[in-house]
Amino acid sequence: MPAYFQRPENALKRANEFLEVGKKQPALDVLYDVMKSKKHRTWQKIHEPIMLKYLELCVDLRKSHLAKEGLYQYKNICQQVNIKSLEDVVRAYLKLAEEKTEAAKEESQQMVLDIEDLDNIQTPESVLLSAVSGEDTQDRTDRLLLTPWVKFLWESYRQCLDLLRNNSRVERLYHDIAQQAFKFCLQYTRKAEFRKLCDNLRMHLSQIQRHHNQSTAINLNNPESQSMHLETRLVQLDSAISMELWQEAFKAVEDIHGLFSLSKKPPKPQLMANYYNKVSTVFWKSGNALFHASTLHRLYHLSREMRKNLTQEEMQRMSTRVLLATLSIPITPERTDIARLLDMDGIIVEKQRRLATLLGLQAPPTRIGLINDMVRFSVLQYVVPEVKDLYNWLEVEFNPLKLCERVTKVLNWVREQPEKEPELQQYVPQLQNNTILRLLQQVAQIYQSIEFSRLTSLVPFVDAFQLERAIVDAARHCDLQVRIDHTSRTLSFGSDLNYATREDAPVGPHLQSMPSEQIRNQLTAMSSVLAKALEVIRPAHILQEKEEQHQLAVNAYLKNSRKEHQRILARRQTIEERKERLESLNIQREKEELEQREAELQKVRKAEEERLRQEAKEREKERILQEHEQIKKKTVRERLEQIKKTELGAKAFKDIDIEDLEELDPDFIMAKQVEQLEKEKKELQERLKNQEKKIDYFERAKRLEEIPLIKSAYEEQRVKDMDLWEQQEEERITTMQLEREKALEHKNRMSRMLEDRDLFVMRLKAARQSVYEEKLKQFEERLAEERHSRLEDRKRQRKEERKITYYREKEEEEQRRAEEQMLKEREERERAERAKREEELREYQERVKKLEEVERKKRQRELEIEERERRREEERRLGDDPLSRKDSRWGDRDSEGTWRKGPEADSEWRRGPPEKEWRRETRDDERPHRRDEDRLRRLGGDDEERESSLRPDDDRIPRRGLDDDRGPRRGPDEDRFSRRGTDDDRPSWRNADDDRPPRRIGDDDRGSWRHTDDDRPPRRGLDDERGSWRTADEDRGPRRGMDDDRGPRRGGADDERSSWRNADDDRGPRRGMDDDRGPRRGLDDDRGPWRNAAEDRISRRGADDDRGPWRNMDDDRVPRRGDDARPGPWRPFVKPGGWREKEKAREESWGPPRESRPSEEREWDRDKEKDRDNQDREENDKDLERDRDRERDGDREDRFRRPRDEGGWRRGPAEESSSWRDSSRRDDRDREDRRRDRDDRRDLRDLRDRRDLRDDRDRRGPPLRSEREEASSWRRTDDRKDDRTEERDPPRRVPPPALSRDREREREREGEKEKASWRAEKDRESLRRTKNETDEDGWTTVRR
């Protein structure tokens, strides 16, 4: 089916266009697609011409299978709507096929085909015979012209019968086509096709009986259906008789009788008469004279009873035929000696019983019975006088000497009636045989012996040989006691006295018994004679008694005769009433049966409709599957046909059957073709190599030898051409001379007529001049009228055109103005938008300049802060006391066990596990989004310029610094997962050298980290709408690595997640739920100070922020983790015992040993921590009790903590107890110094954040894929330290990279087991919260 949809009207038009150019096959394909289309399942009027054209093309191209498919489709379309259209189409199709066949028959000289079976035209015998005997042109023409059309016509009949079978709506058409098919078989003498046709009709009849429940099934009880079937079977019987196919005729007779038995009502008399007539012919042709005569008896009685207008002549003819047929029944029994010996009596009886059933007889007929019926029904009185005495001569009278002479007269009369009585001629041979047999029987009763010549003279109508044969047959079959003596040429009768006749011996005219019979019947004869003698000698009283009894019987009859007569009349009346009652009952029963049948049909029809709907659904499903298969097969077949048309494809697939080719894969076919192509190419190259050596020499030798021969042939041809030209030239000259002489003669003869011709022409012109002038005048008048009318029309038309043109131009002008107005408005909008964008760009540039100015001032202030820190560090170093430092070693150890690790330069716990390629990819995807939000929080809430610079509607591409090692930012629509993979067990995305603790969770209500007298505006207002990218209801703390030894995330009391502290955790007590203090930090910590309890600002990150500290990832500052413990050019000066020393002691517990801090610093740290705990207890009493429990646990753990091994590196197990409660409070002067340091560092950090943001916008382009894969901000700690050390002005010492890597690998191996327990849960939560969205520029945004 085509991929496009075509309407039926267009398809018919397309087909006609193809036919106009002589392309019948494409036209047929177009119509075929329409008929097979599922779109056209409802009948329309256009379908009928399409179907007629389709069938016409099928007939022209002899495509019987396509015609069959089209007819079946058309039947499905119009069966429920217009069945008459189907009948017209089928009749037109058969008419076209018959016309084509007749035309081929007229062109062919072969009237009757000698092909036995059209389905098997070429038999091995015919091929061999044609090869041996040869085939002339006419035979081949006849075979090519007539045979295909005859075969096509036969297939058309068979297909139409299959199409219309078992359909009550087209039953009449079915029988008409069947009768046409019988005529076709009879016309072309197609015996094999006749047999197939009979078998098909018989099969259709059996299917009718099996499928009688269908909605369109044929009801054989319907009289019309029965009559049509009987009519068709009678045509079949007649055709079989005409073609002398007696076996098929006998089967037809059985079919007809079967139809009779199906009917409850008797068939029509005319039909039965025709049936008996045909059956009699069949019986006679089959040699069964007994049933032939019986059939004629049935026909005779039927005609006498049913035909009211039977004439005397017809009565005589029928009676004569019945008499001759009855007398023609052989007297000899049909059973032979072989049948008697083989005991075939049962088979013969069964055969006769079946034949009797066909005639409606209860028992098989006999010759004697038929003769008695003929006499009883007075058939002889209607027989013609010439034949009337034949019965008496053969069956009654005993006159052997005159028998043959009398019969000969009758036979001669029969022979003289070939025109009037043609059917009587067939009985003459049988009558002659029966006459000879009667003669022999009568002669045997008279003569004991007779000469053969004498017997021959008594039978004049046969010769001696036929007579001798008849005698032998009579002796064998008729128990005739005769012996032939060839020496004396005599016949002897009754010489064997021991011979016993059979019971079924023929009986005829009888004169006396034979001697053997007399001996056998002697006792019987004696018995009969004695009975007669007894009657003679019987006494008189016995006779008197008999007479009295007779008289009593007569008197009794006379007495009761009237009463008996009345009883008989009453009985007749009773019988009549019973008949009427039975008829009424029959009518009532038929009516009830009809109603019941209608109800059953209605029920069957409903069930059939439901079944059809179900089948339609199933067929639709199967059709879809079949269409896919057909499309695939069609593609393969088309490809195969294209390939096989080529010489290469024919060779490649010559050994493969077409059925196998359909199952092959197109790739296999292509491979096969390529293989064959390569094979032929190789063979060709080999042949060329073999021939190229010899072909040049051979060609040169041929040409050298051809040169003299060509020259000589050229000279000979030139001489011949010259002679031919001279001869033709002479003939031309002679011919021209003769023609000139004849032309001169004609001229002289015609010149005498010149004057007469001129006179005739002049008269003719004069006569026609007036007529010409009159017509010219009329023409000029009409011309003037027409010119005037056309000028008026042209004027009116031009006026209308000018009017139309005016309105059209006016409309176009209005449309043009409207378009110009729209264009002008669009240009104005674009101009305003462009001005708006320029204004925004200008404002943005101004903000950038202001930011640069602020940054320059901040940078200058930063330098001053760093210089001040350096001086303070030197002062503190000079103020340290070596003795107090030595005494405070144990306090340093105590402070080393704090529950938060301080900044450690060489520690690996913040760096996380070693990076791998798959982890770096996922981290690169997550980092930009967090970094951008950090910048949003760091810029402050009241700085509108900084806020506008990070608005999401800013469509400019963000840029980054050239030294930025971070991955590319994501766009708002990027839907990639987090940059951390599902197995990423890293603690945080902050740098490995960042020692700041994470931000607190959403319930952080601590006060500001600024001093109470700090009058600077807050970094964000309380109404700052820039919230965290975490949801407000998520109460989890920031995510931490496995090596993070800080306390658990602070949250509400409803946090259902279990703690990740192990049972052996010996860390210090946790702080209260509302603890807002920052961790203990060193003086070199560049983050802002901790907040006090009065600051209730919302955390800079949302409650769900799982990132590390908000220190910028591209912070180019040198790590300050262990700088206090190492000698360097600058260290901020503080008094001993501060909290920075405590943090450094905590770092040393995780790194290599170094000198402990003074005890004064530890005391000061303890005082500071106690102040914070007091503030916490005042804010939340409930959390205070929990914190006290944890502190007691931490003190207990701290008391039993082992001292640190000073000998080398070690990894701390669980957190050791902290001594932060034992630190002493420092004076207010040191606290103010530290607060100022934190303010300075905060300003410096904000300045760097703004600088990074500006650099990102100004320098970075859109992220490339190579950058996303390569540029990762998760650099190794030692590499980043090296880079930052080079950029920073004050040089600092960095721990050796080798040691950092070793520690990293060691911590990775030891932390792997601890991370496995909670890693999967964390990854699943990350996947649930993550939704990556990618915009058009390649930016990815992670939405939670």
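FYI, residue positions are counted from 1 along the chain as it appears here.
Quick reminder: no glycine exception, Cβ is built from N, Cα and C everywhere.
The compositional bias 'Basic and acidic residues' annotation in Swiss-Prot covers 866-1126 (among others).
The annotation compositional bias 'Basic and acidic residues' is assigned in Swiss-Prot to 1138-1240 (among others).
Per Swiss-Prot, the feature compositional bias 'Basic and acidic residues' maps to 1252-1292 (among others).
The annotation compositional bias 'Basic and acidic residues' is assigned in Swiss-Prot to 1300-1333 (among others).
According to Swiss-Prot, the N6-acetyllysine annotation covers K68, on the basis of similarity to another entry. Taking the Cβ of K68 (N6-acetyllysine) as centre and 10 Å as the limit, one finds 18 other Cβ atoms among all the protein chains shown.
Secondary structure at S492 (phosphoserine), taken from DSSP and collapsed to helix, strand or coil, is strand. Counting only same-chain residues at least 6 apart in sequence, those with a Cβ under 8 Å from the Cβ of S492 (phosphoserine) are Q448, S449, V482, R483, D485. As annotated by Swiss-Prot, phosphoserine applies to S492 (among others).
A helical conformation is recorded for S584 (phosphoserine) in the three-state DSSP classification. Positions annotated as phosphoserine by Swiss-Prot: S584 (among others).
As annotated by Swiss-Prot, phosphoserine applies to S895 (among others), with the evidence given as similarity to another entry.
Residues or ranges marked as phosphoserine in Swiss-Prot: S949 (among others).
According to Swiss-Prot, the phosphoserine annotation covers S1028 (among others), on the basis of similarity to another entry.
Annotation source Swiss-Prot lists phosphoserine at S1149 (among others), citing similarity to another entry.
The phosphoserine feature in Swiss-Prot is assigned to S1159 (among others); the stated evidence is similarity to another entry.
The phosphoserine annotation in Swiss-Prot covers S1223 (among others), and the record cites similarity to another entry as its basis.
What Swiss-Prot records for S1300 (among others) is phosphoserine, and it gives similarity to another entry as the kind of evidence.
Per Swiss-Prot, the feature phosphoserine maps to S1326 (among others).
Per Swiss-Prot, the feature region 'Interaction with EIF3B' maps to 664-835; the stated evidence is sequence analysis.
The local packing around S584 (phosphoserine), expressed as other Cβ atoms within 10 Å of its Cβ over all shown chains, amounts to 10. Cα of S584 (phosphoserine) to Cα of K68 (N6-acetyllysine): a distance of 50 Å. The DSSP breakdown of the region 'Disordered' (807-844) into helical (H, G, I), extended (E, B) and coil residues amounts to 38 helix, 0 strand, 0 coil.
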